[in-house]
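Engineer: I'd like to ask some things about the structure below.
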Amino acid sequence: MTSPATLKVLNAYLDNPTPTLEEAIEVFTPLTVGEYDDVHIAALLATIRTRGEQFADIAGAAKAFLAAARPFPITGAGLLDSAGTGGDGANTINITTGASLIAASGGVKLVKHGNRSVSSKSGSADVLEALNIPLGLDVDRAVKWFEASNFTFLFAPAYNPAIAHVQPVRQALKFPTIFNTLGPLLSPARPERQIMGVANANHGQLIAEVFRELGRTRALVVHGAGTDEIAVHGTTLVWELKEDGTIEHYTIEPEDLGLGRYTLEDLVGGLGTENAEAMRATFAGTGPDAHRDALAASAGAMFYLNGDVDSLKDGAQKALSLLADGTTQAWLAKHEEIDYSEKESSND
């Protein structure tokens, strides 16, 4: 039951068209510990949806939920995360997930925070599970997997259990809420660098500013021709957070990256098992060119953020080389056989 003091804070927030960051943290913190009744959660989410998500809403909610998250021992410097908001309705192959594996095979330290599908047929967890990459690792074994492979997956519900307090209301509302935007921001690894796709291009600058507030040193926010990916079917809008804290906005075309141009239909995917098979084909060099170039575009951005290359084009070409010479295929063949969820240490 919502306490009188908590209800007072909520009412003040609902009546405030321009809340501060501190006020947002104050109103979202009770939500992380289940202090709101469902009707009050619905009022908060609907109000933010109606007036439009602001910097304070997103940054404040992220800080409140990160404070309540279960910790992960490897954090910050040298880590990169990649995710998208989803909700673009395109139902493409798992581009960002596949690109993350290419980047990890090329030495980028990827701690990917994700979940099962919400708005598409296959979320990152669904396709990784189909690739025999373990999901339900305890913290110690997730660290071991990362140290062995440069990659580990942090299953969002395991590290952000506070989100469960809002799930019934989200499902009942049946419209997008601030939590569609929040998911990619809540990695307990608090990565130094991040690429995030947004289905709503109006959120690009806003998310870049939130990244800066959350301590990211370099980040890319992208919206590709209606999708939450770097597009090989049209123009991609980019907001780049640089190390000096400035945010630069620009556009890129597939040709700028040295890649082909395709249609969105060329990238349509299916269930997690189907997308996993498509990914294996791309890694083996037998998949469609559209799949190869789409994954290379996003992996290239990860190499760029990591400081391995000087441009997005150079990054895409590096990704193509890793696919062409079999590096990524060999990486997957090696590491899908490691399952620390079943491997007992000598101290067990």
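Numbering starts at 1 and runs along the chain as it is shown here.
Quick reminder: no glycine exception, Cβ is built from N, Cα and C everywhere.
When I checked Swiss-Prot for this same protein, it listed these features:
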- Gly84, Asn115: anthranilate 1 binding site (BINDING)
- Gly84, 87-88, Thr92, 94-97, 112-120, Ser124: 5-phospho-alpha-D-ribose 1-diphosphate binding site (BINDING)
- Thr96, Glu229: Mg(2+) 1 binding site (BINDING)
- Arg170: anthranilate 2 binding site (BINDING)
- Asp228, Glu229: Mg(2+) 2 binding site (BINDING)
Engineer: Closest of the binding-site residues to Asp228 (Mg(2+) 2 binding site), Cα to Cα, picking from Thr92, His113, Asn115, Arg170?
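Structural biologist: Going through Thr92, His113, Asn115, Arg170 one by one, the Cα closest to that of Asp228 (Mg(2+) 2 binding site) is Thr92.
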Engineer: Counting distance between Cα atoms, which of the binding-site residues Thr92, His113, Arg170, Glu229 is nearest Gly84 (anthranilate 1 binding site)?
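Structural biologist: Its closest listed neighbour, by Cα, is Glu229.
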Engineer: With Thr92 (5-phospho-alpha-D-ribose 1-diphosphate binding site) as the reference Cα, tell me which of the binding-site residues Asn115, Arg170, Glu229 is the closest one.
Structural biologist: Glu229
Engineer: What subset of the binding-site residues Asn115, Arg170, Glu229 lies within 10 angstroms of Thr96 (5-phospho-alpha-D-ribose 1-diphosphate binding site), using C-alpha positions?
Structural biologist: Glu229
Engineer: Most Cβ neighbours within 10 Å: which of the binding-site residues Thr92, Thr96 is it?
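Structural biologist: Buried the deepest by this measure is Thr96.
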Engineer: Which one is it: of the binding-site residues His113, Asn115, Glu229, whose Cα lies the shortest distance from the Cα of the residue listed as 'anthranilate 2 binding site'?
Structural biologist: Asn115
Engineer: Please classify the secondary structure at His113 (5-phospho-alpha-D-ribose 1-diphosphate binding site) using three-state DSSP.
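Structural biologist: It is in a strand.
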Engineer: Report, in whole Å, the straight Cα-to-Cα distance of His113 (5-phospho-alpha-D-ribose 1-diphosphate binding site) from Glu229 (Mg(2+) 1 binding site).
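Structural biologist: Pair distance, Cα basis, whole Å: 17 Å.
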Engineer: Taking the Cβ of Glu229 (Mg(2+) 1 binding site) as the centre, count every other Cβ atom within 10 Å, in any protein chain shown.
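Structural biologist: Glu229 (Mg(2+) 1 binding site): 28 neighbouring Cβ atoms within 10 Å.
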